Amino acid sequence: MGTQNFLWNVAKKYFTFGIIGLTISDRYASILPVRGSSMSPTFNPHGGSLTDDYVLVEKLCLEKYKFSLGDVVVFRSPSDYKEKHIKRITALPGDWIRTPHSNDILTIPEGHCWVVGDNSASSLDSRSFGPIPLGLVQGRATHIVWPPQRMGKLDRKIELEGLGF
Amino acid sequence: MGKWKTLAKAAIELAAIVAKFICLYHVTDSYLFSPTIVSGPSMLPTLNMTGDVILAEYVSHRLGKVGPGDVVLVRSPENPRKTISKRIVGMEGDTVTYLVDPNFSLRSRTIMVPKGHVWIQGDNMYASKDSRHYGPIPYGLILGKVFCR
């Protein structure tokens, strides 16, 4: 009878902490690992190293969905809702963009954005699946928290090549 | 001195209980179910134009168990801050035939829904802005399934 009570108490504590953790991670910020080298050298500069980078992703931006050029965002993949990707926004609704390898001009429709990985050579991004609706964005990465030698705030920078007019 | 200590302790306990309730509310509201008010003419006659209270559950779409015929709540692809309710007509891989603009002509188009997307249409085709205008939407925009009115 004593152990049952004890186990019940432990379960209750875990449940409470779980719910609190879930709420904080949904509404405020969470820490996520970055896999792959599509964002080198910003994340995982030596692709294939033993540890992944961890970033702090803040969710406060999801109230207003107001992003700026150069923000690094986490979004659900449009071709598979279970996967999450992390890329940089290079164009906002209403901007014009020149698609590489073809001379088309593309307008970003209302409510969408254009995301590109920093390592354009090996990055699956808007150049393959087109502009993504802002509703798919799950958060904005603001800081690298691991490894310690690269801990710090992320800059908003964009490659000038490939931008529209 | 002892009085302040007990007061502080009671205040902290109260704050902890309030915090736990807020978190419980958030988890239920996002992961289980919650009532919502929907309004607009695009889902007549299923849903009222001037506002209906519906219960939406947030479990099935995470398990991938929404399908054609379900009324779902989705985040609008044109404005992520707006939530709209429509019916799923086709899932990925289905071919959908639809009337492009039933107010003006009987022209219809057939399209195949790409991977990871769904085709949504309002029940009231004459006054509904849906996939016939902005194309198939990614499955990730679905917020929940409506199961009760």
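All positions are counted from 1 along the displayed chain.
Note that Cβ sites are derived from N, Cα and C of the backbone, with glycine treated the same way.
What TrEMBL annotates here:
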{"type": "ACT_SITE", "residues": "B:S42", "note": "active site"}
{"type": "ACT_SITE", "residues": "B:K86", "note": "active site"}
{"type": "DOMAIN", "residues": "B:13-98", "note": "domain 'Peptidase S26'"}
{"type": "DOMAIN", "residues": "B:107-147", "note": "domain 'Peptidase S26'"}
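It is 8 Å from the Cα atom of B:K86 (active site) to that of B:S42 (active site). When Cβ-Cβ distances below 8 Å are used as the criterion, the domain 'Peptidase S26' (B:107-147) is approached by residues 33, 41-47, 54-58, 60-61, 66, 70-75, 77-78, 83, 85-101 of the same chain, each at least six residues removed from its ends. Taking Cβ-Cβ distances under 8 Å and a sequence separation of 6 or more, the neighbours of B:S42 (active site) in its chain are B:I84, B:K86, B:G122, B:D123, B:N124, B:A127, B:S128, B:K129, B:D130. Cβ neighbour count for B:K86 (active site): 25 (other Cβ atoms within 10 Å of its Cβ, all protein chains included). Over the domain 'Peptidase S26' (B:107-147) the predicted model carries a mean pLDDT of 88.
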